[in-house]
Number of protein chains: 2
Amino acid sequence: MQKDTGSGGTSTSSGPTSRFRRRKSSNEVPPEDDKANGSHLLVNDHNKYKSMLIRTYSTVWMIGGFVLIIYMGHLYIWAMVVVIQIFMAKELFNLLRRAHEDRHLPGFRLLNWHFFFTAMLFVYGRILSQRLVNTVTTDKFLYKLVGRFIKYHMVTCYFLYIAGFMWFILTLKKKMYKYQFGQYAWTHMILIVVFTQSSFTGANIFEGIFWFLLPASLIVINDIAAYIFGFFFGKTPLIKLSPKKTWEGFIGASVTTMISAFVLANILGRFQWLTCPRKDLSTGWLHCDPGPLFKPEYFTLPEWFPGWFPWREISVLPVQWHALGLGLFASIIAPFGGFFASGFKRAFKIKDFGDSIPGHGGITDRMDCQMVMAVFAYIYHQSFVIPQSLSIEMIMDQILMNLTYEEQRALYMKLGQIIMERQFGES
Amino acid sequence: MQKDTGSGGTSTSSGPTSRFRRRKSSNEVPPEDDKANGSHLLVNDHNKYKSMLIRTYSTVWMIGGFVLIIYMGHLYIWAMVVVIQIFMAKELFNLLRRAHEDRHLPGFRLLNWHFFFTAMLFVYGRILSQRLVNTVTTDKFLYKLVGRFIKYHMVTCYFLYIAGFMWFILTLKKKMYKYQFGQYAWTHMILIVVFTQSSFTGANIFEGIFWFLLPASLIVINDIAAYIFGFFFGKTPLIKLSPKKTWEGFIGASVTTMISAFVLANILGRFQWLTCPRKDLSTGWLHCDPGPLFKPEYFTLPEWFPGWFPWREISVLPVQWHALGLGLFASIIAPFGGFFASGFKRAFKIKDFGDSIPGHGGITDRMDCQMVMAVFAYIYHQSFVIPQSLSIEMIMDQILMNLTYEEQRALYMKLGQIIMERQFGES
């Protein structure tokens, strides 16, 4: 496929969710080449409709499964993310694998997975440790065990990594150096760029499913809208890197995404199941005060508003303004994740990263923008959303988790002293 | 040089501090090749003595400068680390640079430095933010400014990174894709493996110069001891990767390093300048209670101890036992950093990473084990050394830094309540 420079448009895998698709052709050829062929080619293209059917079918199944998992809860959503991460790692590890060299290096593939699971223990250990503590507080023995685990978590991961590092050096084979160092670097790039980035999704889930579901949906909506707008109105090429993407698709998708973000946040923001943070690792029902962000504010529409509009008053959740920030990012910057991936594929003459989903190519191909978005959603949430009152709770958790009873008392005394001193200093 | 398979031993740059050097030859040739040549070659080798003189001369200058900087204080030591990091980055960025390609990509080199300074802002922002706060507490305006900076530190760095990422994608040039993606990956590897690792040194310095100086000295001592033991007793090759290294050098160096660690910790541990943590960014004199780790314990020697031994009682600082841990790592595991670097150089047929220090090669060549050691020293200190009482202080700092006055009061009330409840629950 990857050398096909014709314009028949038989591509089955850079599918409907590819962004800002140009109308004329679905092949990755430089724009000069397919300008020559008219846009009429689309009509003659039977394969295109067949492959669209396959894609639609697998898409419906994916969406159904996804909704079920959302309903099941935080732990299951996180498990889904982990499974996706394992598939992505598998696809990417295999990408630069050369069977001939590997035959001379027994156990060398295993090393990749050793590093993968070390990274997993490290990243998820950090994200989930507090929740793990909260889950076992009732059992004194488990509580102590988990406390130990957290205290020595970093040093454990470090020694696992060092073990892999020494394993790598001790199994270096003459004449294989270049291949082995190349693989080592590649493994690290995957773990950092793909695994670590996508792990932010895990953190978002436990901050409230809302913070995972809204960004992820916006990426999908932007994808589909770009495809549709590009399909019907696409004319002006957007970027040389991806000749199928057009300005019409890009702009149409941006507007759609912004509107969807605003509306979707209003809908999702009304379910406590989605807005409450999950502070432990159980899967039971959630109740919480969702805080001011999710409390509707009512605006009366001005008099001059057209009479046919059904409502005289609208309710807006403050979180909807944040949703616009996420929408802006999802439509303007996240697509660069896709450009990066397609540039990478062109540089190394790869058609797709894998073939895990029928009609969609590899899982990694569908996740490029999602990863960029997950990191942004996390940082946005941490920097602009978490209210000050929550940070009291975070420090409180730290105190209860890290300090012994005596130390907690000592801290209490010390803090009281400082507050007293300040009071006297001011009055 | 790198293709020279003779045994004349004219190497000037993989110098005296290379580890576990074989006695016979200083060329990087496979062991089979130089077994044939007798060890008598050393005697005929005039260049070797000349180059040793150069190396000794630059070593003396380096040590002198180093002692002066230690005396000047934490900020200056940190500045030295930053300068070394910039030199290393420069050496490594240039390593894979191809002038021909760069001529077609104006501004492409600048992107590397954009990422470098973003990484610097991020890493040192995290390490030094608390100290920065402590430095400006007296000035209310500056205090607020720094507070803002810290609050939006992560999101600022993120957008700097994203800007670089978009810059990269928008300047991708046809037929250059592979070179550009290669450079992008290489830049990231350098920033993660070299820059981030070496930045732990910065964290160690402010925990107390001791925690920077002892590990760094142990690496140097291990290097020199391995050279000397290898020079005089080296016979049995240690690892195929570095044919000059011998078991005799390795074992001799380990013993020397362990003894040095124990003795050196006793000496360094007696200066408050070295043991006190620096909690702000000033350079003034330091006074602190160095804690139980640095309080000498006295042991009376048993009766049967030989009479010629000058002391009847010896004083041991508890930190000396920790020093043994550091010594063990410095002599057994840190050398793998060197093996890795020399394996890497062989794989890519590079003689040295640069030529910044006369007679020593590049700065990077001298820092390979130091980086591995810095990370270990940091993690060891965090996991095993920081006493519980210090973590009260850390949480206290967090409270005073992140919370407003009202929030501090709220936290105080809440903590009081919890302590009260527990007291009643128990009694």
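Cβ atoms here come from the backbone N, Cα and C positions, even for glycine.
Here TrEMBL gives transmembrane segment for one range in the set A:184-203, A:364-383, A:384-403: that range is A:184-203. Among the stretches A:60-89, A:149-172, A:209-234, A:319-341, the one making the largest number of Cβ pairs under 8 Å with the transmembrane segment (A:110-129) is A:149-172.
A contact between the transmembrane segment (A:209-234) and the transmembrane segment (A:319-341) is present, since 3 or more of their C-beta pairs, 6 or more residues apart, lie under 8 Å. Between the transmembrane segment (A:184-203) and the transmembrane segment (A:319-341) there are fewer than 3 Cβ pairs closer than 8 Å, counting only residues 6 or more apart in sequence, so the two stretches are not in contact.
Below 8 angstroms of C-beta separation, residues 105, 107-108, 111, 114-115, 118, 121-122, 125-126, 129, 132-133, 180, 184, 401 of the same chain, each at least six residues beyond the ends of the transmembrane segment (A:149-172), sit close to that stretch.
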